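Here Swiss-Prot flags 1-24 as signal peptide, drawing on sequence analysis. Under the heading disulfide bond, Swiss-Prot lists Cys31-Cys126, Cys53-Cys118, Cys143-Cys185, Cys164-Cys216, Cys267-Cys334. The annotation domain 'Ig-like C2-type 2' is assigned in Swiss-Prot to 143-232. For 549-644, the entry in Swiss-Prot reads region 'Interaction with NCS1'. Among the features that Swiss-Prot reports, region 'Disordered' is placed at 659-680.
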Amino acid sequence: MKAPIPHLILLYATFTQSLKVVTKRGSADGCTDWSVDIKKYQVLVGEPVRIKCALFYGYIRTNYTLAQSAGLSLMWYKSSGPGDFEEPIAFDGSRMSKEEDSIWFRPTLLQDSGLYACVIRNSTYCMKVSISLTVGENDTGLCYNSKMKYFEKAELSKSKEISCRDIEDFLLPTREPEILWYKECRTKTWRPSIVFKRDTLLIKEVKEDDIGNYTCELKYGGFVVRRTTELTVTAPLTDKPPKLLYPMESKLTIQETQLGGSANLTCRAFFGYSGDVSPLIYWMKGEKFIEDLDENRVWESDIRILKEHLGEQEVSISLIVDSVEEGDLGNYSCYVENGNGRRHASVLLHKRELMYTVELAGGLGAILLLLVCSVTIYKCYKIEIMLFYRNHFGAEELDGDNKDYDAYLSYTKVDPDQWNQETGEEERFALEILPDMLEKHYGYKLFIPDRDLIPTGTYIEDVARCVDQSKRLIIVMTPNYVVRRGWSIFELETRLRNMLVTGEIKVILIECSELRGIMNYQEVEALKHTIKLLTVIKWHGPKCNKLNSKFWKRLQYEMPFKRIEPITHEQALDVSEQGPFGELQTVSAISMAAATSTALATAHPDLRSTFHNTYHSQMRQKHYYRSYEYDVPPTGTLPLTSIGNQHTYCNIPMTLINGQRPQTKSSREPNPDEAHTNSAILPLLARETSISSVIW
């Protein structure tokens, strides 16, 4: 039914008045062009879409029905882009059709992308606007195109609704839509706090792991419509001003610099989440902003984001002063601001005094460290260091040049057949290893009483004279030495005691094994307090016999130093050595040989060989370091004139010199040489018979 004429005139006047209200822009050929509408359509290829003419939804106050009734027609044009040629659209009525104020695509193709212009006009008025359509494909392996996503933000611990956008054209008012939701294009078992309502997904309490892409899927006819929304989770909106991390608000920070150098003042602050507002941080000098200063040498760096999490940021900004001058010194303030307030902190740029505190501290620290290391090394390797220095740079002892021996060795002699299992190692060390190492390896000249002292009636005086001729006194404290009080001779003789008390001779006391609990050990402790120059060295058993052990190094360190080569065995057996008993030893050996020759000459022929072998065997057993054997001429006589014209004496038992045989204790067999027992040539004195020669 046609509308009455007056009504049409009124409608036309109303529509014309509506057009006159809108301001024209981009008018061409009498048609107002509103360019491209703000609403853009983005769909995936194969999905349906409805493009509405935007003129009826924001530009004019009328609808398609009223415009058509007023005699206005709606036409559609397509172009590739703004300013391109527009051509009318020929609708095929199936895939692409015009329905009232819209164009329907069922479905879209990639070539459908472009600008669609809708024009309403009559003979007097014309208005035009373009709508953008973008058709894209899914990203590889995904169910969405990352350039066609919607974006939502949610605050931590708060609720959030995610809507399935732009599906109103596909919903039926009489039916509930069947919408499926995916996260990252995969089905998910949703927790109870996530609820679905028609076309929305409600998260009652947002968590950090809710961040991601949510896709809703709706079926429309034979097509599928998908919309994807990316959810970003942030911290709750802050209600506090930013917090300064450096410099601190509560105190003035002083930064020293040198004139002519560069200075860098860095300000760091923490900003809570404030929405899309960027952090505001800057420097000021007094009441002036840095950019307002006349100096180009003073400038600010860009704001740097050091850390960021859920919208909260830690940022920094630096103030750089190139070539610091006197006028650049002073107070600089760092300000931080957000919608909740402003805070600031100050830094005082101060001239550095010419004090090398750091350098001095570093140097002293290095020296102290070097000193500690040196002391530690010296403590651990003192003996090795001193021996090395002495061997390469040391000098011999001058105060001992007039002494014949390097050391006097005092110990208790025990025959090997009397060694027991407990003290055998100590006795072997004292009798064999110690003298052998000192003489043969280190080349020292020792005075060993059992070997070098000829017994006389003045035995104690002879010992004192020999000790006085030695640079060191070595006392070997074996268990037998302690039990027999081997040191008693040093207490009986006044000269020896004074030498120990006054420090005229340095004493080296070698303790073998554990001596505590042994009889007379208390006297050993008293002896130690008596000696002024005393060094105690522990011998810890056979492991100390090794050449590289600490024991030998310590002993060598305490012994006098002299540059000599280690003596050989032949040198140690040389009877021409000079000393307090050098000549006496020569005579002793010759006299012994003469006595032995006389005894053998008068003995029975069968006993000569036996006595000769037995005598020399016993001598070898009792004397380990020097042999007193002498080859007697076959005639059995000894040219005593070879001794020389010097006055010499010896303490040989006169029975041997007279040719007498010692009395045997056995009475089972008669003595073959009994006839010679009373043939004394020289009378024996009481003093001579009282002296025994076993101390050799």
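Yeah, the Cβs are placed from backbone N, Cα and C, and that goes for glycine too.
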Taken over the region 'Interaction with NCS1' (549-644), the predicted model's pLDDT averages 48
Ranked by how many other Cβ atoms lie within 10 Å of their Cβ, the disulfide-bonded residues Cys126, Cys185, Cys267 are led by Cys267
Quick note, Cys53 (disulfide bond) and Cys31 (disulfide bond): C-alpha atoms separated, nearest Å, by 16
For the disulfide-bonded residues listed (Cys31, Cys53, Cys143), most other Cβ atoms within 10 Å of the Cβ sits at Cys53
Minimal Cβ count within 10 Å, across the disulfide-bonded residues Cys216, Cys334, points to Cys216
Summed over the domain 'Ig-like C2-type 2' (143-232), the DSSP helix, strand and coil counts are 9 helix, 43 strand, 38 coil
Simplified DSSP label at Cys53 (disulfide bond) comes out coil
The disulfide-bonded residues listed are Cys143, Cys164, Cys216; by CA-CA distance, the one closest to Cys334 (disulfide bond) is Cys164
As a whole number of Å, the Cα atom of Cys143 (disulfide bond) is distant from the Cα atom of Cys267 (disulfide bond) by 45
Cys334 (disulfide bond), DSSP three-state class -> strand
For Cys185 (disulfide bond), the spatially nearest of the disulfide-bonded residues Cys118, Cys164, Cys216, Cys267, using Cα atoms, is Cys216
Rounded to a whole number of Å, the separation of the Cα atoms of Cys118 (disulfide bond) and Cys126 (disulfide bond) comes to 11
For Cys31 (disulfide bond) and Cys216 (disulfide bond), the CA-to-CA distance in whole Å is 41
